[in-house]
Amino acid sequence: EGNPYTWWVGKANEKHYYWGGSGPGIQKCACGIERNCTDPKYYCNCDADYKQWRKDSGMLSYKEHLPVSQVVVGDLDRPGSEAKVSVGPVRCQGDRNYWNAASFVTSSSYLHFSTFQGETSADISFYFKTSASDGVFLENLGNTDFIKLELKSATEVSFSFDVGNGPVEIVVRSPNPLNDDQWHRVNAERNVKQASLQVDQLPLEVRKAPTEGHTRLELYSQLYVGAAGGQRGFLGCIRSLRMNGVTLDLEERAKVTPGVKPGCSGHCTSYGMYCANGGKCVEKYNGYSCDCSKTAYDGPFCIKDVGAFFEEGMWLRYNFHSPGTSMKDLVSRTLLSSADPEITAPDLSLNKEEVSFSFSTTKSPCVLFYVSSYTPDFMAVLVNPTGNLQIRYNLGGTKEPYNIDIDHRNMANGQPHTVNVTRNGRDIVLQLDHYPPTSYSLPATSDIQFNSPKALFLGKVIEIGKIDQDIYKYNTPGFTGCLSRVQFNQIAPLKAALRPTNASSHVHVQGELVESNCGASPLTIPPMSAATDPWHLDSVSLLFTTWVFNSLFTASADFPYNGQAIGDGVNRNSAIIGGVIAVVIFTILCTLVFLIRYMFRHKGTYHTNEAKGAESAESADAAIMNNDPNFTETIDESKKEWLI
């Protein structure tokens with residue numbers, strides 16, 4: 001029960017909770033499968049939490065999840081809690097030729113091999129994957145004889161040859177596209193009696209040979225894999241090419257051939273991490289591209305902010321469901337999941353949602369982000385009259401909406417700010433700018449389902465029916481400023497309004513929306529921890545006191561920001577007031593020291609072990625300086641210093 005403290009990350013960047021000797025989805029170690037764990041109450045030896053070292057080990061053999069790219073071990077912050085982890089090498093076994101592959105990155109690229117010897121029989125098999133609609137797989141020519149395999153269209157593979165009796169062509173037609181960037185198997189055979197062609201598990205196409213005529217295939221040219229004779233070559237990957245039982249070494253030949261690359265691992269394996277912010281890497285045979293359609297970003301690597309400037313009174317509405325849209329489309333577009341695709345829109349509900357955006361404004365109060373529903377449920381992100389951020393949830397079960405107030409930062413200071421809100425059931429995680437995330441929890445009586453989401457609003461709420469009183473007050477005159485990279489689950493409403501997409505029909509804008517990234521600039525300074533942040537409530541007085549005493553005993557005081565601008569929304573008046581207070585305290589302390597010295601300079605008698613010459617010296621310090629050989633400088637009577 002609960003979430004595991006430890007997991008590992010596999011090939012698709014997914015977490016896995018099973019361990020060596022176990023299997024996917026089981027969430028046990030080998031001892032849990034064999035029922036011989038140290039503590040029978042647990043499914044791993046390490047869960048026993050004994051003082052002695054315990055060990056769980058085994059082989060991870062589900063190859064779709066391998067290799068292991070990361071191991072995360074938690075529960076180590078308790079005294080005496082330790083862990084040791086080792087990950088062994090990935091070991092592969094099987095037919096190496098099965099994965100002997102080459103990538104053809106241009107339509108004119110090809111590999112050449114010695115002439116195919118298939119006079120009376122030919123048995124050719126290979127795998128291919130492509131996104132192109134046509135291209136020649138391979139070809140070998142004679143004077144008039146030839147043999148050729150090609151992708152004629154997105155759904156057709158052709159096997160043609162001529163042994164002297166005229167060209168013969170066999171075509172297999174697939175009901176589904178073959179250029180879907182998935183592996184497909186081709187098997188072509190020819191002997192003196194018949195020829196056949198099969199693609200994947202589609203029906204075998206057979207052509208009988210004529211009873212009379214030529215039977216020998218006489219070829220003289222080299223065997224070309226890819227483009228040949230000026231024809232459009234294959235664009236994609238070919239692997240495990242076997243001709244009459246011999247596997248051709250595509251990888252070795254590709255290493256020395258321009259336009260062809262050995263292997264077919266794909267560019268996304270090496271460069272997919274450059275598709276940022278949830279962008280999906282899409283393979284291309286001369287590179288890769290990033291699909292940003294389900295993100296709030298744009299550009300080649302999904303890092304360009306899509307934002308807009310909102311004038312006073314402007315607003316944007318995104319409808320989760322529009323007339324004429326099937327429920328299946330709605331689910332696929334908005335990720336508002338449902339078990340039954342035939343139910344109506346008001347029956348949808350959300351157990352979790354993720355909201356992220358950035359904004360800048362100088363006016364408050366205002367509504368930044370609002371999600372309405374066909375029920376009283378709603379979610380809102382607001383700036384209250386004092387300039388502080390407020391997250392408001394109403395999911396039912398409570399008399400009043402649940403509020404999260406961020407009271408110690410002014411968000412209406414014209415600086416860009418980033419907001420990330422994630423809710424999963426009752427748990428809410430809020431992150432502002434680059435500060436550490438903060439966790440909250442809905443009241444125990446609150447529902448955890450966001451029932452029947454209806455529409456999303458930016459800048460202002462224009463909704464029929466009853467609206468929360470505070471939101472109604474904040475609605476006038478409306479948001480003025482910049483919003484950028486707005487995303488709700490996988491919906492990007494601002495991007496849908498500014499970029500033509502399938503979701504654009506869901507968007508309605510009041511006013512002229514002007515594209516701008518003014519709400520997405522980075523913060524001017526990095527954030528500080530509470531211990532070093534001079535504006536953190538618990539440390540304000542302590543830091544001011546420290547600043548005062550540093551002024552007394554050092555030549556100059558270094559203010560914590562070293563003259564940099566304050567970027568976390570602190571009111572500039574606070575800094576001015578703090579500086580005035582520090583100067584006043586410093587002045588008072590200097591005055592007190594001077595008065596005390598003046599009042600007691602002639603009172604009382606005392607004995608000291610003073611240095612020689614103290615009687616003639618005007619102070620003990622001067623006597624020490626006069627008699628200590630280390631002090632080689634003399635004091636000029638005209639340049640005496642009085643030290644307080």
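Any Cβ shown, glycine's included, is placed from N, Cα and C.
Database features (TrEMBL):
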- 100-264: domain 'Laminin G' (DOMAIN)
- Cys237-Cys264: disulfide bond (DISULFID)
- 265-303: domain 'EGF-like' (DOMAIN)
- 332-518: domain 'Laminin G' (DOMAIN)
- 575-596: transmembrane segment (TRANSMEM)
Identify, in sequence order, the residues in the chain of Cys264 (disulfide bond) that are 6 or more apart from it along the sequence and have a CB within less than 8 Å of its CB; answer 'none' if there are none.
Ala101, Ala102, Ser103, Lys129, Cys237, Arg239
Let me know how many other Cβ atoms fall within 10 Å of the Cβ of Cys237 (disulfide bond).
24
Return the average pLDDT for the domain 'Laminin G' (332-518) as a whole number.
83
